[in-house]
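Notes follow once the structure below has been shown.
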Amino acid sequence: MMILLFSLFLIPSVMLGMAYWAVSLIFGIMSFIFIFKFNFSTLMTDLSYIFSYDLMSYTFMLLSIWIIFLMSLASYEIYKTGFYWQYFMLILIFLFISLYLVFLSLNLFMFYLFFEVSLIPTLLLIIGWGNQPERLQAGIYLLFYTLLVSLPMMVGVFYVYWNFKTLIFNLFSDFGGLFLYLCINAVFFVKIPMYFIHLWLPKAHVEAPISGSMILAGVMLKLGGYGLLRLSKLFISAGLKYNLFIIIISLLGGVVISLVCLRQSDMKMLIAYSSVAHMGLALSGIMTLSVLGFYGALVLMLSHGLCSSGLFCLANMSYERTHSRSIYLNKGLLNLIPSVSLWWFLLCSSNMAAPPSLNLLGEILLISSLVAYGAFLKLLLFLSVVLSAVYSLYLFSFTQHGQFSAGVLSFSSGDIREFLLLLLHWVPLNLLSIKAELISLCV
C-alpha cells in the first residue's frame, strides 16, 4: 500500500510543476523498492477485506510499475515539445493506480470496477497523443469492443453473488454452467485478445503513441490472462466441456495471424499482430486447466510484456527519424545506425523464443501442457513456433538490410536515454529465465 500512497502523492507534485525526469525517476525508484520489499511468500497476504496479493498478482504489479517507468522514459518527445506533458504524466499515474488496484483486488466486483476504469486512461492516451486523425476510430473500437462484453460480465458478477453469497475469490468453488462461463470469460477473451475478436488491437496499436502501445502490449492484454487465471476455479467442469473449442480457435488463429504478419508492411501492425499470435498460445495454455499450462501462460505473458514493449520502442525510434512506419522506407538501418541494429537483433531473437529469453521457457511449458492435453495439437503448435521465427526474422532482415531510402541520410544514431530504455527491456527479459523458479511459485 506504500507504493499506492506514494503514487497518490505524485498527483499534486505534477500539478505544482515537478520536473518530468523527477517523476520518471520516482517511478524507477518505486519499482526497485517494490522488488526489495517483497518476501516471496506463496501465501495470500491480506491488506484489507477487499485487497490482497500473492506472487501471481505481485508479478503483474511489478510488470505494471516497470512498464509505466519505461513509458515515461520513451515519451521524452512529449516533454521536449511541451505538448501537455503534465496531463500526460497525470494520466500515467492514474493508469498505474487503476492497474495496481486491479491486481490487488480480492473482491470480484472491485476487480471488475478497476478493470473497466483502467480503460479510461488508455483511451485518453490514444485520443490525446496519437499521431493520425484515425485515432478517434481506434479509440471507439477499443471502447466498444470492451464495453459490449462488460455488461454480460456485470450480470455474471451478480449471478456469482446470488449463488455463492460472496464475491471473494478465495471462497469460490466450481460452478459448471455455460451461461456464467460465457458471461464472465467473454470480457477476458476480448482483452487478451482471442482470434475473431482481436480487430480492436491492431487499430489501437497503430494509432496510439509509443506510451499507449507499450502499456497495451505490456500490461493491458495481460489483464485478460490474469482474469482467466484468477477465476479458473469457477469453471473447471464447464472448462472440461468447452475449453477444447477455445484452444483450437486460438491455435488456428495464431497460425493464420502469423501468416498475416508476413504480409505486413507496417512495423507497428506487424508487432501488434505478433502479440495476437503469442497471446493465443498463452490463452490455449490457460484453457488446458493444468498447472503446467498456467505456469507457461504466466511466463509467456511476462516475457511478451517486456519483449513486445521493447519492439514498439524500436519501431518508434525508427519512426522519430524517418517519420514513417513502413518497412520499405526503413530498410538498410544497419548501415545508418548499427548500434540500434544490435537491439533489433536481440529483441527479434527474444520474440522468436531464442535462448536465453524467458519466451523460450514459456513456450516449452505451453507446448508440453498442450501436447499432454491432446497430441492432435502438435501440427498447429509446430506451425505456430516456426512461423513465429519466420516473421521475427522477416522484421529484422527487412528493416536492417537492403538499400536504405535516400530520404534518411541524415539523422542521429541514438542517445543514452534510448539505449537505457532498450537495456531495461532486455535485461529482465533474459535474466529472469536464470531464476525461473521464483515465477513457478506463482501457481
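Glycine residues also receive a Cβ, built from the backbone N, Cα and C atoms like all the rest.
Averaged across the domain 'NADH:ubiquinone oxidoreductase chain 4 N-terminal' (1-101), the predicted model reaches a pLDDT of 87. Marked as domain 'NADH:ubiquinone oxidoreductase chain 4 N-terminal' by TrEMBL: 1-101.
Positions annotated as transmembrane segment by TrEMBL: 7-35 (among others).
Residues 3, 20, 23-24, 27-28, 30-31, 34-35, 38, 40-42, 88-89, 92, 95-96, 99-100, 103-104, 209-211, 214-215, 218-219, 222, 226, 229-230, 298, 302, 305-306, 309, 313, 316, 417, 420-421, 424-425, 428, 438-439, 441-443 of the same chain lie 6+ residues outside the transmembrane segment (55-76) yet bring a C-beta within less than 8 angstroms of a C-beta in it. What TrEMBL records for 55-76 (among others) is transmembrane segment.
Per TrEMBL, transmembrane segment is recorded for 83-103 (among others).
Feature annotation from TrEMBL assigns domain 'NADH:quinone oxidoreductase/Mrp antiporter transmembrane' to 105-387.
What TrEMBL records for 109-130 (among others) is transmembrane segment.
A Cβ distance under 8 Å defines the sequence-distant neighbours of the transmembrane segment (142-162), meaning residues of its chain 6+ beyond its ends; these are 108-109, 112, 116, 119, 122-123, 126, 172, 175, 179-180, 182-184, 186-187, 189-191, 197, 199-200, 203-204, 234. The feature transmembrane segment is assigned by TrEMBL to 142-162 (among others).
Taken from TrEMBL, the feature transmembrane segment covers 178-201 (among others). For the transmembrane segment (178-201), the residues of the chain that approach it from at least six positions outside its boundaries are 115, 138, 141-142, 145-146, 149-150, 152-153, 155-157, 159-160, 216, 220-221, 223-225, 227-228, 231, 234-235, 238-239, 241-242, 246, 249-250, 252-254, 256-257, 272, 275-276, 279-280, 282-283, judged by C-beta separation under 8 angstroms.
Positions annotated as transmembrane segment by TrEMBL: 213-236 (among others).
Away from its own ends, the transmembrane segment (242-262) comes close to residues 178, 181, 189, 194-196, 198, 270, 273-274, 276-278, 280-281, 283-284, 287-289, 370, 373-374, 377, 380-381, 383-384, 387-388, 390-391, 394 of its chain (Cβ-Cβ under 8 Å, at least six residues beyond either end). As annotated by TrEMBL, transmembrane segment applies to 242-262 (among others).
The feature transmembrane segment is assigned by TrEMBL to 269-288 (among others).
Per TrEMBL, the feature transmembrane segment maps to 294-315 (among others).
The feature transmembrane segment is assigned by TrEMBL to 327-346 (among others).
Residues or ranges marked as transmembrane segment by TrEMBL: 366-396 (among others). Counting only same-chain residues 6+ beyond the ends of the transmembrane segment (366-396), those with a CB under 8 A from a CB of the stretch are 244, 247-248, 251-252, 254-255, 258-259, 261-262, 267, 270-271, 274, 277-278, 280-282, 284-285, 288, 290, 292-293, 296-297, 300, 327, 344-345, 348-349, 351-353.
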* Asked: Looking only at residues six or more beyond either end of the transmembrane segment (83-103), which have a C-beta under 8 A from one in the stretch?
  -> 3-4, 7-8, 10-11, 14-15, 17, 20, 23, 27, 51, 53, 57-58, 60-61, 64-65, 68, 71-72, 75, 110-111, 114-115, 117-118, 120-122, 124-125, 128-129, 211, 215, 219, 223, 226
* Asked: In the same chain, which residue numbers or ranges, 6 or more beyond the ends of the transmembrane segment (213-236), come under 8 angstroms Cβ to Cβ?
  -> 56-57, 60, 63-64, 67-68, 70-71, 74, 95, 99, 102-103, 108, 111, 115, 118, 122, 125, 160, 169, 172-176, 180-181, 184-185, 187-193, 201, 204-205, 268, 271-272, 275, 279, 282-283, 286, 289, 294, 297-298, 301, 304-306, 308-309, 312-313, 316, 443
